[in-house]
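Accompanying notes for the structure given below.
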Amino acid sequence: MTVSPVALRRKTECKPHPTARYWKKCDVEALFGLPFLDLIYQAAEIHRQNFNPREIQLSTLLSIKTGGCPEDCAYCPQSAHHNTNLGKEQMMDVDEIVEKAKIAKSRGASRFCMGAAWRGPKPKDVETVSAIIKAVKGLGMETCGTFGMLEEGMAEDLKEAGLDYYNHNLDTDPDRYNDIIHTRQHEDRMDTLGKVRNAGLKVCCGGIVGMNETRAERAGLIASLANLDPQPESVPINRLVKVEGTPLADAEDLDWTEFVRTIAVARITMPQSYVRLSAGRSNMPEAMQAMCFMAGANSIFYGDKLLTTGNPDEDGDRILMEKLNLYPLQFEPEGEVAEVEKASGIKVDY
């Protein structure tokens, strides 16, 4: 096993929150073991104490640089280590990305998330994505980037460009991290998350379930997320999308009730975070998605494609939200746009 320089340099320790409970793995596993309806009821109560249960935050995700990633994540079709017939593509042009963002905004998305398939950006890449962030931010949308591991100063550059959120998932239980990924360590993820927080960026951090993990390991993932200090503002919970050619293509299907339990436990342990129903939703029946919303999910990826895998189309999501009497959360602008609106009393049309 290759040990990263970060792992040798320091050991990451979980510390109790000043304002939040420290979650032991065994306590989180005990939540998973509650009777199903009792668990959903408890999660729904906590959700209503912290959010309007009818509001759903809509994000659109775009891969701005696809394929050829040097990491060997067992779940990912973009890895150069796997034969998934996914070609390597160059970075998209700024104008093309902005046009995609305009379309996403016109369809109701309040946040535009951009991902790039690399281990981490080079300085010239940070310059490029900074220009993209500024352009998208100019549309009046929140921005989120998932650009891999960051070097010193990069998070500050992204913050200065206008980035709101940085996505950096913990993927799975720290105890089984190297069963899923061999080209990096759990401590590498923690290191970048620290850089992101120190730069003043909001954190989007979640993981993937359905990768042949045990319930105890799902509890370990949730505990590791809940014990981040402070807790992530956004927590994407992904259900594995099995892609031919990846090591997890034949993973055993996760029972739908276990996924809903994961959403509920995430809501209970992270009461003020947005819990996003993320990858895998295209294979979820409407009733299952409704249970997830009841259990505390209040964010979705909106649009017919995620990075490389399918997602329900906007019309289907719009119909489902109407059936469930849900509506999109509106992004409140900041900076110059907010000042104009406040001074004039007129809502700016982007």
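Glycine is no exception: its Cβ is also placed from the backbone N, Cα and C atoms.
Keep in mind the model is a prediction, meaning the values are calculated, not measured.
These come from Swiss-Prot:
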type: BINDING; residues: Cys69, Cys73, Cys76; note: [4Fe-4S] cluster binding site
type: BINDING; residues: Cys113, Cys144, Cys204, Arg276; note: [2Fe-2S] cluster binding site
type: DOMAIN; residues: 54-278; note: domain 'Radical SAM core'
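Cys69 ([4Fe-4S] cluster binding site) and Arg276 ([2Fe-2S] cluster binding site) have their C-alpha atoms 25 Å apart, to the nearest angstrom. If you measure from the Cα atom of Cys144 ([2Fe-2S] cluster binding site) to that of Cys76 ([4Fe-4S] cluster binding site), you get 20 Å. Take the mean position of the Cβ atoms of Cys69, Cys73, Cys76, the recorded [4Fe-4S] cluster site; other residues of that chain with a Cβ within 8 Å of it are Glu71, Asp72, Tyr75, Pro77, Gln78, Ser79, His81, His82, Ala117. Each of Ser59, Leu61, Arg111, Thr146, Tyr165, Asn167, Ser234, Pro236 belongs to the same chain as Cys113, Cys144, Cys204, Arg276, is absent from that list, and has a C-beta within 8 angstroms of the C-beta centroid marking the [2Fe-2S] cluster site. Arg276 ([2Fe-2S] cluster binding site) falls within a strand when secondary structure is assigned with DSSP.
Summarised as a single figure, the pLDDT of the domain 'Radical SAM core' (54-278) averages 91. A sphere of 10 angstroms centred on the C-beta of Arg276 ([2Fe-2S] cluster binding site) encloses 24 other C-beta atoms. The two recorded residues, Cys73 ([4Fe-4S] cluster binding site) and Cys204 ([2Fe-2S] cluster binding site), show a Cα separation of 19 Å. Listed in sequence order, Ser59, Thr60, Leu61, Leu62, Thr143, Cys144, Gly145, Thr146, Tyr165, Asn167, Cys204, Phe301 are the same-chain residues six or more apart from Cys113 ([2Fe-2S] cluster binding site) with CB atoms under 8 A from its CB. DSSP classifies Cys113 ([2Fe-2S] cluster binding site) as strand under the three-state reduction. Across the structure, Arg276 ([2Fe-2S] cluster binding site) and Cys76 ([4Fe-4S] cluster binding site) are spaced 19 Å apart at their Cα atoms. Of all the Cβ atoms in the protein chains shown, 23 others lie within 10 Å of the Cβ of Cys69 ([4Fe-4S] cluster binding site). DSSP assigns Cys76 ([4Fe-4S] cluster binding site) to coil in the three-state reduction, placing it in neither a helix nor a strand. Of the listed binding-site residues Cys144, Cys204, the Cβ environment within 10 Å is emptiest of other Cβ atoms at Cys144.
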